[in-house]
Amino acid sequence: MFYSLSVKNFILIDELEIEFNKGLCVITGETGAGKSILLDAILFCLGYKTSNNVIKHGKDYTVVNIIFSLNDEIKKFLIQNFIEPEELLLVKCLQKVEGRKNFFINNQIVTKTLMKQLANYLFELHGQNNNITLLEASTQRDILDSYGNLLEFRVQLAKCYQIWQNTRKEIEEITVKQNEIEQEIDYLSFVTEELTKLNIQIGEEETLTNIRKDLQNKGKNLQLIRDIIAEINNPEINISINRACKLLARQDYNDRFNAVVTSLEEAYNNLEVARQELSNILGSFTYEEYNLEETEERLFLIKAISRKYNVPANELGIFLDKSLEQLGILKNKIANSNKLQAQEVLLQEQYYKLASDLSAKRLIAAKHLEESLNQELKQLKMENANFKIEVKTRIDPTASGNDDIVFKASTNPGMKIEAINKIASGGELSRFMLALKTSLFDKMIKPSIIFDEIDVGIAGEAADKIGDRLKKLSSVTQVIVITHQPQVAGKADLHIKIEKTQLEQETKVKVKALNLAERQTELARMISGKTITAASLKVAKELLHPVAFSHDQK
């Protein structure tokens, strides 16, 4: 509920602060006194469209602060939007002459959209030009379902509808994309078969690259050994050594060349040893586990596959796993198609059974609400009004059921019953809403309800009845009423008066919460005009008698 309102430099207001009470709060004042300014300030603060020129003449900014009490629903909204709930809720709007509006919730800057979303949890507004929600089909449906205690049943229906629609969507996706799915299955089957067959291991490319490098080095060494052996095996070397030894043996000084002969013979023997050792080394190369050709073929294959699927060689195993997973999903989609179709039939039957039950309950609730509302309208002195609720089957099912709900009425005898937006004036719509709220009473009630001049065009007993209904409604929620009727104002728990004053070429608006004596004077003014008479004071006192009595008992 509204706890307090603080306004500064707003239109004709210099500065004011109002504290509100629970129950029924009325706002009165002479015609043109600026009663609507308070309402404009509230709408301005909560992000609704107001006049473009709201900053008081001569000032460079305006600011409006409203403090609300909290309930669990509001706390949940704040938490969902990352705003820390406090003991009370503070909302603020600041606008400078040269700038745009800035909105704050608990001193945290927010968007206008978020502020308006919050406002939906805080209050309702009904008046000459503010009954749009009553005209919306969704609101009319919610009113009927709330009256008939059908909201929980509707939640059950909505869950069934959602599952049904999700199943239908899945079937449609499979049907529309059947060829694509089958092509994808063929492709993934080929991919997974190829990669599984290749069995490429993590790190294999790097391992093979190192092996190839090693083999290439060994290949160079092998060729070198072969070249050396070829040189050693040259027969001319042996022939040359033998010939040298024979020549030395013929010399007269044979003894002097014995050492040379010995060296040549050792050279011959060493060549034989070297030849044998090199042959042994050469033979050992034939027992390597890998050969270069096989290694290069495997490396070429891995690189080709990597390029083919545009996947790093080291991630081909992951790519295979994902391909296998996707292949399984697509195969299951095809396999489950028939199951889904059977399931969709059952869900459709379940939905229409629930929707049919809801329609039947709505028809019963509609009849009872019609009777209740028509009685309330009579109490509000709309004896000629006739209210009807049309519940008709719609072509397309929805999460809210298979019905279109239309509130219809006629306000005068002989008039055709039509949708209420076509036949009712702003004031009549407000009284329709008051009658609905009274019929619903403790259902669909927000923390605060504002009625702006709901009693325009009525007086006497009708105004008294409206006051009674507003008073009754205020027992379950805070009700704020801008009124011209003393019968309504006399029932208030809090009476606020707005006055417009002219001082030195400047117009100002003054707001004051009245005490009991001041209320009597204000009611007398509302009864007789500017000239307050003894008779009007007496009537005012009688209107206030229940209030005065309740104050005396406190």
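Backbone N, Cα and C define each Cβ position, glycine as well.
Swiss-Prot lists Gly29, Glu30, Thr31, Gly32, Ala33, Gly34, Lys35, Ser36 with the feature ATP binding site. With a cut-off of 8 Å between CB atoms and residues at least 6 apart in sequence, the same chain places Glu499, Lys500, Arg525 near Glu30 (ATP binding site), listed in sequence order.
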Ordered by sequence, the long-range same-chain Cβ contacts of Lys35 (ATP binding site) under 8 Å (at least 6 apart) are Ile27, Thr28, Gly29, Ile482, Ile498
Quick tally, other C-beta within 10 angstroms, Thr31, Ser36; top of the binding-site residues is Ser36
Cβ atoms other than its own within 10 Å of the Cβ of Gly29 (ATP binding site), all chains, total 25
Same-chain residues at least 6 positions away from Gly34 (ATP binding site) with a Cβ under 8 Å from its Cβ, in sequence order, are Ile11, Leu12, Ile13, Ile498, Lys500, Val509
Gly34 (ATP binding site), DSSP three-state class -> coil
